[in-house]
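Participant: So Swiss-Prot has the following annotated:
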{"type": "BINDING", "residues": "Ser21, Gly22, Gly23, Leu24, Asp25, Ser26", "note": "ATP binding site"}
Amino acid sequence: MTTLTLNTSLLSSRRILAAFSGGLDSTVLLHQLVLWRERHPDVTLRAIHIHHGLSPHADSWVRHCETVCERWQVPLVVERVTLADNGLGIEAHAREARYRAFAQTLLPGEVLATAQHLDDQCETFLLALKRGSGPAGLSAMGERSPFAGTLLLRPLLRETRKTLEQWAVRHGLCWIEDESNQDDAYDRNFLRLRALPLLQQRWPHFPAAVARSATLCAEQERLLDELLASDLTDCITTEGTLRLSPLMSMSDVRRAAILRRWLAMRNAPMPSRDALERIWQEVALARDDASPCLRFGDREIRRYQSQLWWIKSVAGQHETTVAWPVWQTPLALPAGLGTVQLVPGGELRRPREEESVSIRFKAPGLLHIVGRHGGRKLKKIWQEQGIPPWRRDTTPLLFYGETLIAAAGVFVTREGAAEDKEGVSLVWHA
């Protein structure tokens, strides 16, 4: 293996963050990147090691990675992640935590490089085949993928594991062996340790053939993307919701393709055929007076005003009151709802000295809002403003004392309106 493949993959990238576990694959990747940096002095290279805490050897792996990076003069970031049982399984949860840490560590203009190779590609394809995936899932991994507002590069994807090992031995590289890689209770390990050796013994070029099939599936997906682009434009609103009316006249196959692409745009996991059918039957086609909801982990699909919404699951906060004693500073909201802030310039009056400030999520009685005649209950205002039901007890309401002043981004009450130019605005960073 030469540096040619790597150079081609990274031709336009000058700031690189390399995922570095210390194992064979990532050690070869980092070594290749160090050689690339030597040939291109304008390249900035960093490495990141994820400490999952799953192995008793995890601390020694950190020390190994620190030693390697110090020798190669590569700045190393070590991120420790905590894995809790979220129903995904340990492999999927570890991967999720790992890539979340990658995304948080990337600097502006930096790309992420990972060490997946041809054998990994074959395993990914077979796992997708086992799940009954369609062309999107069978496309497996690309050499370049969008990630966290930048790119995820897989420069070694055309190389075999055997080739990487030959390179490492030839150059005297040292790497760690994760004992969990020998546990064939994990699906990927089962394929690598037991299934693929048999397949390659019979058909030596099996991984390369699988990679070609994955490439063909990816090409079919790109063609479908082109053919369905106009449909997607018609169906997706500026808020990112999916309009149902255009879908009603589509064939089942076309509609399913649109649903998959919409969910992909919302960064949702790829749904199974059964999941798509449930979305359509239980949510899209629910009774007009229903408020259908389908849970997917910590996310939900809901329907409102003939549109599908992909949202984060948040418990209602109607009984919650959050005191805001120092209203000049931002206030953190409960349940991951973000922060609120009162900033100078706006149509809200400032609180009087004797008024306490708080955020609540319900308001009793009739409310008089700026720009409307007469009083209305909060429920009626939500309906008039087109606020979806699940946002009605999670939208921050600003109170001075017992007086409702404003709902973030929705309305201002007459009691809260500024009478001079010294007003403030309620800004909600959800």
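Placement of Cβ uses the backbone N, Cα and C atoms for every residue, glycine included.
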Participant: So if I draw a 10 Å sphere around the Cβ of Ser21 (ATP binding site), how many other Cβ atoms end up inside it?
Facilitator: 22
Participant: Among the binding-site residues Gly22, Gly23, which residue has the largest number of other Cβ atoms within 10 Å of its own Cβ?
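Facilitator: For the binding-site residues Gly22, Gly23, the Cβ with the most other Cβ atoms within 10 Å is Gly22.
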Participant: Could you list the residues of the same chain, at least six apart in sequence, whose Cβ is under 8 A from the Cβ of Leu24 (ATP binding site)?
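Facilitator: Non-local contacts for Leu24 (ATP binding site): Arg161, Leu164, Glu165, Ala168, Trp175.
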Participant: Quick check: with Ser21, Gly22, Gly23, Leu24, Asp25, Ser26 left out, which same-chain residues have Cβ atoms within 8 Å of the centroid of the ATP site Cβ atoms?
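Facilitator: So the extra residues in range turn out to be Phe20, Thr27, Val28, Leu29, Ala115, Trp175, Ile176.
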Participant: Taking 10 A as the limit, how many CB atoms besides its own sit near the CB of Asp25 (ATP binding site)?
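Facilitator: Cβ-Cβ neighbours of Asp25 (ATP binding site) within 10 Å number 23.
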Participant: Using a Cβ cut-off under 8 Å and a sequence separation of 6 or more, which residues in the same chain sit near Ser26 (ATP binding site)?
Facilitator: Ala18, Ala19, Phe20, Thr114, Ala115
